[in-house]
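What TrEMBL records for this protein:
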ACT_SITE  A:E319  active site, proton acceptor
ACT_SITE  A:H320  active site, proton acceptor
BINDING   A:Y121, A:Q183, A:N206  NAD(+) binding site
BINDING   A:S229, A:Q251, A:H254, A:H320, A:D353, A:E407, A:H412  substrate binding site
BINDING   A:Q251, A:H254, A:D353, A:H412  Zn(2+) binding site
Protein chains: 2
Amino acid sequence: MRIERVTNTVSLKRTIDSGTEEQRKAVLEILAQVQKEGDNALRSYTEKFDGVFLNEFKVTDSDFKDAYAKLDENMVQIIKEAAENIRDYHSRQTRQSWMTMKDNGTILGQKITPLDAVGVYVPGGKAAYPSSVLMNVIPAQVAGVERIVMVSPPGKDGTIPAGVLVAADILGVKEIYKVGGAQAVGALAFGTETIQPVDKIVGPGNIFVALAKREVYGNVDIDMIAGPSEIVVLADETALPNEVAADLLSQAEHDERASSILVTPSMELAESVAVEVERQLLLLPREAIARASINDFGAIYVTNDVEEAIRVVNELAPEHLEIMTKDPMEKVGKIKHAGAIFIGRYSSEPVGDYFAGPNHVLPTNGTARFSSPLSVDDFTKKSTIISYSKQAIKDNAPKIAAFARLEGLEAHARAVEERLK
Amino acid sequence: MRIERVTNTVSLKRTIDSGTEEQRKAVLEILAQVQKEGDNALRSYTEKFDGVFLNEFKVTDSDFKDAYAKLDENMVQIIKEAAENIRDYHSRQTRQSWMTMKDNGTILGQKITPLDAVGVYVPGGKAAYPSSVLMNVIPAQVAGVERIVMVSPPGKDGTIPAGVLVAADILGVKEIYKVGGAQAVGALAFGTETIQPVDKIVGPGNIFVALAKREVYGNVDIDMIAGPSEIVVLADETALPNEVAADLLSQAEHDERASSILVTPSMELAESVAVEVERQLLLLPREAIARASINDFGAIYVTNDVEEAIRVVNELAPEHLEIMTKDPMEKVGKIKHAGAIFIGRYSSEPVGDYFAGPNHVLPTNGTARFSSPLSVDDFTKKSTIISYSKQAIKDNAPKIAAFARLEGLEAHARAVEERLK
């Protein structure tokens, strides 16, 4: 693993995939067809892209039963416990509507309302992640969203992976359609005979899904477009090289374009971590992917001191940050930009991917500078409440009218003055 | 004004302007030039589009002084009072970081951090809105944003409108540049010799500004792309036709494409409002604009009862909703989708545009189904905190490892198991 003394500013090697011209055209064509042909378009794209003809898309009771038969009972329990932890954490994020009353009788407030309907895209095939079901569905449920729909591409045998279906069933999600790709996004955004449209689409997907989400944004809301995963470990000489290396590799195995970076003032740690990464890499089943990621996007930055290391972390604005230093909690206040902060040696990043409770959908590509983890907020919206009293309009109408006239809006001025008549 | 009995579903006539191919190309070219040539590109585009050559863009002390000289002292006081109201309302939106501690020593939390730097775009020319300065800057200040930059296109005389500068000065915003259009958005997103880049760009603008914001989104965050203004008035026979008509016209005067809609179970009210609109229209300085808006996008929907009227309002999901019925506060709970809700006859919509305190940047084009008014939240971001204890990892590592293996991620499993060694 490359070791580099940091002298000036650093930044993550960004790799936003905006798709090829051909992919963008294909997505536009698919979305147009779904709007025009509805279910029939879904049928023909599913046959074309997923290699299976389905007349009905909806997951049935017997599909759920088959899924449970394929999954270890112990695993079902673990998913349930993870779901409880995630629900407990997210229920602490809920917000109340509020009002404030003034002496003159005016009431101002902010009303919080859950979205009506949300669609969750769950990738299929090799990258079937039950954890993704938990992380996208639970915040919507905690927010109070009444209708939560899942879509996921079927395998060639016409089924959705067992873990995904069991996770959905544990959460009580019953409306699931075996459809994926841009056609699923189109169905959720515009509706078909079978699938009623939703107000927001969340969940990860391949480039076609990402492009389709970007395209329907405005008609419906979408979550962020996620880039490859990133981890930055901030460590000093007290960190154990084997633990640091294992955590770096846990991101590297995701994707050749994932970034795993260590920032440390200790050259000794830097050198031992480089050795450990190489040793552990050889033992990994996904060695090829992890090695490509480490070679192309991995780095060990050595700084003069911890303060400088923190500056570098804030420049990187990573998705995941681990702090493995002396008194790690004391460093948290200095971290300005990070999606999730893992504190101390026992907070290995995968703890947050599955089980601890916080969401694993996090801002990538340096967007932690301005974006947040997926949360209950993302499934609610606010409405302002203004109730002006007779006294308030009497006192303030002349000022409001003057302001309106300063901006050249006479009808605005007259509307408030109309109340004085 | 067109009166229509509602039988089935209704929706606002949406008019999202996505620009012409030519406009999109021009914006891409401008953004590329700003990235390449920096300040020089700003100079030449300002000369080209705003008709004035400026060597220095930054607003100076003497610019502020000139602005005060042009503005009535009474108006300055009104702007100050509006700013206080807006600050008071938005300071109620602030949120605290929180943590939760478990028996086993685990700490989970959510850290709230203000954005580092925000750019506020303020339109120039005829549509110079000091209220836009207040509404975009104050939530950022309340959030704790350290650097707030304003950009606004200069007039041919090289100045920015007095009201805009005075509003900025009242708020203490000192970093203001006389640059507008797509070139200003490019400068804020990528930086030039003079203008350091920001993390988020907010504020309304023409189609070039909107397209440029859409283009730089991802590099920086942006606020919503606003559509034309909308008002829906929900009223019964207790409402006064002159007041309803005045409020409908206050939106209609904004823009030929603005929507002003009355929904009422009372045919009598419908008919008197139609008459009043015509009467008041003739008296308006912006009659032509307002008339075009009322003719093309205005409507009076007559429903069977108030319940049905509320259903229609939720279908419309308007930017502004006024409730002028008996017991209007009792209706609020049934309103699911609206940017701002104005309750009772004294809450004329312009009250919220300038003075009451809540933000006037609201979701348009039916996006109130999933979007919110601009708020302090938009200038902060969250980071998750996970501090797992030794006991927690001991108890849970096997479960986390099993979950990771179910998803085929062996290095994830090993990372947590490494802690048990």
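The backbone N, Cα and C atoms fix where each Cβ goes, glycine too.
Caution: TrEMBL annotation is automatic and unverified by curators.
Between A:H254 (substrate binding site) and A:H320 (active site, proton acceptor), the C-alpha separation comes to 14 Å. For the pair formed by A:Q183 (NAD(+) binding site) and A:Q251 (substrate binding site), distance between Cα atoms is given as 30 Å, rounded to the nearest Å. For A:N206 (NAD(+) binding site), the count of additional Cβ atoms within 10 Å of its Cβ stands at 17 [all protein chains shown].
Neighbour counts of Cβ atoms within 10 Å were compared across the recorded positions A:H254, A:H320, A:H412; the minimum falls on A:H254.
Filtering the recorded positions A:Y121, A:N206, A:S229, A:E319, A:H320, A:E407 for a Cβ under 8 angstroms from any Cβ of chain B leaves A:E407, in order along the sequence. Remark: A:S229 (substrate binding site) has A:Q251, A:H254, A:D255, A:A258, A:S259, A:E319, A:H320, A:T364 as non-local neighbours, by Cβ distance under 8 Å and separation of at least 6 in sequence. Ranking the binding-site residues A:Q183, A:Q251 by C-beta neighbours within 10 Å puts A:Q251 at the top.
Residues within less than 8 Å, Cβ to Cβ, of A:Y121 (NAD(+) binding site) and separated from it by at least 6 positions along the same chain comprise A:M150, A:V151, A:S152, A:G180, A:A184, A:V185, A:L188, A:I201, A:V202, A:G203, A:P204, A:G205, A:V209, A:K213. A:H412 (substrate binding site) sits 49 Å from A:N206 (NAD(+) binding site), counting Cα to Cα.
Listed in sequence order, the residues A:P123, A:V151, A:P153, A:G180, A:G181, A:A182, A:A184, A:V185, A:G205, A:F208, A:V209, A:A212 complete the 8 Å Cβ shell around the NAD(+) site centroid, once A:Y121, A:Q183, A:N206 themselves are left out. Taking each of the recorded positions A:E319, A:D353 in turn and counting other Cβ atoms within 10 Å of its Cβ gives the largest count for A:E319.
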